[in-house]
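Peer 1: Straight from Swiss-Prot, here's the annotation block:
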BINDING   Tyr18, Cys59, Asn64, Asp96, Leu97, Ser135, Phe136  S-adenosyl-L-homocysteine binding site
BINDING   Gln25, His156, Trp157  jasmonate binding site
BINDING   Asn174, Asp260, Phe262, Asn263  Mg(2+) binding site
SITE      His150  site 'Involved in substrate discrimination'
SITE      Met222  site 'Involved in substrate discrimination'
Amino acid sequence: MEVMQVLHMNKGNGETSYAKNSTVQSKIISVGKPIIEEAVHEISCNNLLESMGIADLGCSSGPNTLSVISEIMDMVQTTSRRLGRPVPEFRVYLNDLYSNDFNYIFMSLPAFYHRLKEEKGIGCGSCYISGVAGSFYGRLFPSKSLHFVHSSSSLHWLSQVPPGLESKALAPLNKGKVYISKSSPQSVLNAYSLQFQNDFSMFIESRSQELVPGGRMVLSFMGRRSTDPTTEESCHHWELLAQAIMSLVREGLIEEAKVDSFNAPYYAPCAEEIKVEIQKVGSFVIDRLEGFEIDWDGGAVSDVQTAQGKLLIGQRVAKTIRAVVESMLESHFGIGQDIMDDLFSRYAEIVGNHLSKTRTKYINLVISLIKKG
C-alpha cells in the first residue's frame, strides 16, 4: 500500500465525508486546548514578534481545520493586547498529504477572512494562509521559519505499512486481522513499533530544524496507557472492523487473501515510546505529556443500553471510522459502494453491541515540546 497516495479523509461534505463526521477529532482538539493555550501564551510573552509562523500538520479538511487556527490566533491576539504589544502578522501553513481535500479548505477561506475582519479586526494583510502538500515525515519548511507547530489526530498514521508484514511463507503473519491484535505474533508487534520509532524520530528531527529556538510544538494523537500494544484501548476498534470484514469473507464478498495482506499503517504508542524518541533526537524539552480518555463517539450518546441508543452509537462510530479509513479499504479491497455500505452497516452493529457491554475509550496523548536554544 502506497500510504501517501491512498491515505486521505473522505472528501467533500456528503453524508460519509470527514467534514460531517469529525466530532471525535473536534473533541480531541477541545481537550488539548488548555495545553495549546499555555504554549502559545509562552511564545507571545517571551518574544516580540512582527511575524509569527504557525503550521498545522495533518490538517485534513472540514470545520476543524480553520477553527483551530482561529483559536490560536485568538490566543496570540489576547496575550499581545494584554502586554500592550502589536499583534503580529500570521503566516499560517496548512499541511497534509497530496491527496487531501485542499480545495474544501481553500473554498472556505473567503468566509474565514471575513470573520477575522468582522470579529477580530484582523485584515487579509495580517494573515497569510497557505497549503503545503507533502508528508510531515521529512522537511516541509525553511530552517527556523516556524514559531508554533500544531498537529492533532495525525501522528498515529505511519509513513508506510511496516516492512516485512507481507510474509513469503504459506501462512500470513497476521491472518484474519487488519492491525495488531491479541493473536498477532511478536514479530508483528515489533514491526509496528520499529516503524513508529523511525517515523516519529524523523518527524521530531525535521521540526527541530524548522522551529526557531524557544519555538513550541503541541502534538495530539492516539496512544495507550499500557506498554502492551494489544490492549483494547489501543486496537479494539480495528479488531471489530476485522470482524465485520471477515463476515463479508464468509459470504464470498471479499477474498480472504485480501484481508490477510491488509495491514493498517497506524500505531498507538505509549508515553514511554514517545519519550525515548524525543530524548534520542535531543532537540526538544518535554514540557507536558498527558493522556485523556475519549469516547468512541465523542460523547454524543449517553444511553447505550436501549436498542435505539445501541443503534445510534454504533452508527456514529461507524461513520467516524469510515470517513477516515474508506480510502484505504477502497484502494486495497477494490470493493464498490454497495459492499462498502454493507461493511459499515455490519461494523455499526458490532460496535453497538460491544459498547452496550463495555464502554471502551480511546486514549489520546497530548505532548507539549519546547525547542532547545
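Heads up, the Cβ atoms here are built off N, Cα and C, so glycines get one too.
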Peer 1: Distance check, please: Cα of Phe262 (Mg(2+) binding site) against Cα of His150 (site 'Involved in substrate discrimination'), rounded to an integer number of angstrom.
Peer 2: 30
Peer 1: Considering the binding-site residues Asp96, Asp260, which residue's Cβ sits among the greatest number of other Cβ atoms within 10 Å?
Peer 2: Asp96
Peer 1: From the Cα of Asp96 (S-adenosyl-L-homocysteine binding site) across to the Cα of His156 (jasmonate binding site), what is the distance in angstrom?
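Peer 2: Distance between the two Cα atoms comes out at 14 Å.
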Peer 1: Could you find out if DSSP has Asp260 (Mg(2+) binding site) as helix, strand or coil?
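Peer 2: Its secondary structure by DSSP: helix.
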Peer 1: When you measure from the Cβ of Asn64 (S-adenosyl-L-homocysteine binding site), which residues in the chain that are at least 6 apart have a Cβ under 8 Å away?
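Peer 2: Same-chain residues close to Asn64 (S-adenosyl-L-homocysteine binding site) (Cβ under 8 Å, separated by 6 or more) are Ser22, Gln25, Ser26, Ile29, Ser152.
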Peer 1: Across all chains shown, how many C-beta atoms besides its own are within 10 angstroms of the C-beta of Tyr18 (S-adenosyl-L-homocysteine binding site)?
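Peer 2: For Tyr18 (S-adenosyl-L-homocysteine binding site), the count of other Cβ atoms within 10 Å is 28.
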Peer 1: Do you know offhand how many angstrom separate Asn174 (Mg(2+) binding site) and Cys59 (S-adenosyl-L-homocysteine binding site) by C-alpha?
Peer 2: 31
Peer 1: Where the distance is taken from Cα to Cα, which of the recorded positions Trp157, Met222, Asp260, Asn263 turns out closest to Ser135 (S-adenosyl-L-homocysteine binding site)?
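Peer 2: Checked the recorded positions Trp157, Met222, Asp260, Asn263; minimum Cα distance to Ser135 (S-adenosyl-L-homocysteine binding site) goes to Trp157.
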Peer 1: Restricting to the chain of Phe136 (S-adenosyl-L-homocysteine binding site) and a gap of 6 or more, list residues whose Cβ falls under 8 Å of its Cβ, or answer none.
Peer 2: Leu57, Gly58, Asn95, Ser151, Ser154, Phe203, Ser206
Peer 1: Could you check which of the binding-site residues Tyr18, Cys59, Leu97 is the closest Cα neighbour of Asn263 (Mg(2+) binding site)?
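Peer 2: In terms of Cα distance, Asn263 (Mg(2+) binding site) lies closest to Leu97.
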Peer 1: Write down the Cα-Cα distance for Met222 (site 'Involved in substrate discrimination') and Leu97 (S-adenosyl-L-homocysteine binding site), rounded and given in Å.
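Peer 2: Rounded to a whole number, the Cα-Cα distance is 19 Å.
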Peer 1: So the record assigns Tyr18, Cys59, Asn64, Asp96, Leu97, Ser135, Phe136 to S-adenosyl-L-homocysteine. If I measure every Cα pair among those residues, what is the longest distance in angstrom, as a whole number?
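Peer 2: Between the outermost Cα atoms of Tyr18, Cys59, Asn64, Asp96, Leu97, Ser135, Phe136, the distance is 20 Å.
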